[in-house]
Amino acid sequence: MQEEEETWKELAQMAKICKWVDDARLPLSRIVPIPANQLNLYRIVIILRLIILCFFFQYRVTHPVRDAYGLWLVSVICEIWFALSWLLDQFPKWYPINRETYLDRLALRYDREGEPSQLCPIDIFVSTVDPLKEPPLITANTVLSILAVDYPVDKVSCYVSDDGSAMLTFESLSETAEFARKWVPFCKKHNIEPRAPEFYFQQKIDYLKDKIQPSFVKERRAMKREYEEFKIRINALVAKAQKVPEEGWTMADGTAWPGNNPRDHPGMIQVFLGHSGGLDTDGNELPRLVYVSREKRPGFQHHKKAGAMNALIRVSAVLTNGAYLLNVDCDHYFNSSKALREAMCFMMDPALGRKTCYVQFPQRFDGIDLHDRYANRNIVFFDINMKGLDGIQGPMYVGTGCCFNRQALYGYDPVLTEADLEPNIVVKSCCGGRKKKSKSYMDNKNRMMKRTESSAPIFNMDDIEEGIEGYEDERSMLMSQKRLEKRFGQSPIFTASTFMTQGGIPPSTNPASLLKEAIHVISCGYEDKTEWGKEIGWIYGSVTEDILTGFKMHARGWISIYCMPPRPCFKGSAPINLSDRLNQVLRWALGSVEILFSRHCPIWYNYGGRLKLLERVAYINTIVYPITSLPLIAYCVLPAICLLTNKFIIPEISNYAGMFFILMFASIFATGILELRWSGVGIEDWWRNEQFWVIGGTSAHLFAVFQGLLKVLAGIDTNFTVTSKANDEDGDFAELYVFKWTSLLIPPTTVLVINLVGMVAGISYAINSGYQSWGPLFGKLFFSIWVILHLYPFLKGLMGKQNRTPTIVIVWSILLASIFSLLWVKIDPFISDTQKAVAMGQCGVNC
């Protein structure tokens, strides 16, 4: 009996081991397809809408309005451009997917309890410029959430880039490192979320839920008191920084702060925490925390954020050399302590990891008003467009909340298989079987495979760790020392690190020599005559360096992954004020215009390479969308012109023609509804996105087109300003109602006033002309009201909390609207001279 029991125990143990082995072999993530009944209907409606669009334009082009030919022509041109922009936006959403990760399988395979962790090391970058616009307390919370992340502490390093060389940032980071010794063990002991103290203590939830330790309440109360004292110290530093001494700042030891001149200072590096930076209050090691301020000198181009990120790549490679990098803005904290593990489910997956350049997380925001007046959440983009791209070649890089493969940033090509080199994914998803490949395709595929194999870094890590001399012969088989220096710069230690695909640094390395080399690689002249910013790292050439950087990786054949776990991994703050929001949109649009007129334009760059067709279409849409502002503002003014001149852009339509108009509008709404159905986006978010498309198109995008042309053609640069991330101190959403003057407000306000004037003129004309005039008037009024409804959030923003529009906006807008209306009525450019003569009773026999 006893022997039988032991046998059963052994069998159970063997079954457990077999299950453990099977689980360890399972994939770390999977694609969750959109239900076929939703997606197929969605695709059918898109095709039907395209067919209806063709019939619609056939009617519009063949039925001009004879008495308002100019109005008709402008409207048709605008509508054709809107149709093209819809196609560019629509087809990259043809194959949307969802994904889910298995953190338990990741732990089972790489992080088993009682054994050394096999998870890859990760270097995390935090970028900041101006501590007066990006409050140190917000940056401190971001850093604290990183240091408390659920990941092996010896595998995490946090690098803070201070591109303004501010002593305030340095001192606040020093205070943050001290507070982290208490905060990090508290987070890990009680497993709290989020691990940014400001946002954790702000939560209006039952914080006792799922907390079983009796000491939790007492320790939480003590920690909250500690955090309030920490805030007082940080705020005291901010208050002190408001008054800059004439002789500049001095450090605690009496020496002058090296960064007193932010445009002319040496490189600075300070390691606050890590292997030699002390322990937490429980005696455990903390992740490494490093302050970095790159060298700046007059006469050197510094490339703003992109240059700062490239400096961090080199510093981190010399000091820690994590196999993966994750960058966040200073106001984007870790909302989930599992964020790094979520990314590793893709990066360390044997099938996906070797060809994945980055894992992009969606942006989520705190502090936005309930109705999201100015579409700050960008829900439509993050929950619809990005999911669509994930089914092609991957989402775009959006500048924050992104985990990179370091090798992809170094400009290497991925090692691709035959399946990865298939043509367009849409062909595979729509057709029952695969067509036989042509000879030219097979030749192209073989050529690409050879390029992939030849450009991939194939080096033995053991040889690398022995030092540069140990693998000189092997390295020289690929490229000479001179070519390496031209590519990576004159740093043998950094160059050696680029071949260590699994990360890490040789254990025998002297820390002092590494720090000296780290200072060298952030010198202002290090990138001269190298490929930094051209083929390596963050790419230069646009204020939206994120688009360019992701585009270059996709063009090499890499794929990216969109990771949307149930709990948002990152949260940040967004500018809820109208003027700040428009300035933010202006910067994005200006970056797109810069790319459009650069050598990296997706329309022609790397044509015939590894960028999938629909991915290229998505990038083209990303850079041409500001141009839509030109037809958009013309189309928004057309209703007022029609009301002022008693003309219309459409002739009298028959029942047959009316059917096409009804089908056109029905297909537009059907596409939108089905899109909301498969994505889970709410109708209010969709409508806010539509409204802000008009608001941004008639303001920021319009300015971006002209500023971009000035920059490209005349060399006139437009410096962007850092958006303020300060918290509201006068109550919830106080910043929403603050008015800040900007010229961006004039065009949409003028459009509003012109349409209001047109409505008054149209109604007056109908009253004077009798009953028969009211029928045609309703179509024109509907057209004008539709424009005003789209601009309604803008109108509310102008009114502010006191419901009064600033005088300067009223004066400018009424002046422009009046001049436009009077000139139009006087000149009436879309009516021929003969028609004018008839209207004025001056026509003779020759008429």
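Backbone N, Cα and C atoms are what each Cβ position is placed from, and that goes for glycine too.
Under the heading transmembrane segment, TrEMBL lists 40-57, 69-88, 623-644, 656-679, 691-710, 744-767, 773-795, 807-825. TrEMBL lists Ser127, Lys133, Glu134, Asp163, Lys304 with the feature UDP-alpha-D-glucose binding site. Residues or ranges marked as active site in TrEMBL: Asp163, Asp546. Residues or ranges marked as Mn(2+) binding site in TrEMBL: Lys305, Asp329.
Everything TrEMBL records as a feature, shown here on the structure.
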residue : record                           : contacts (Cβ under 8 Å, 6+ apart)
Ser127  : UDP-alpha-D-glucose binding site : Ser161, Asp163, Lys305, Ala308, Met309, Leu312, Asn327, Asp329, Cys330
Lys304  : UDP-alpha-D-glucose binding site : Asp163, Val543, Glu545
Asp546  : active site                      : Met396, Tyr397, Val398, Gly399
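Only residues 6 or more beyond the boundaries of the transmembrane segment (691-710), in the same chain, are considered here, and those with a CB under 8 A from a CB of the stretch are 374-375, 582-583, 585-586, 589-590, 592-594, 596-597, 625-630, 632-633, 636, 716, 718, 743-745, 747-748, 751, 787, 789-794. Between the binding-site residues Lys133, Lys305, the minimum number of other C-beta atoms within 10 Å of a residue's C-beta occurs at Lys133.
Take Ser127, Lys133, Glu134, Asp163, Lys304, the residues named in the record as contacts for UDP-alpha-D-glucose: the widest Cα to Cα gap among them comes to 16 Å. Classification of Lys305 (Mn(2+) binding site) by DSSP places it within a helix. DSSP assigns Glu134 (UDP-alpha-D-glucose binding site) to coil in the three-state reduction, placing it in neither a helix nor a strand. Reduced to three states, the DSSP call for Asp163 (UDP-alpha-D-glucose binding site) is coil.
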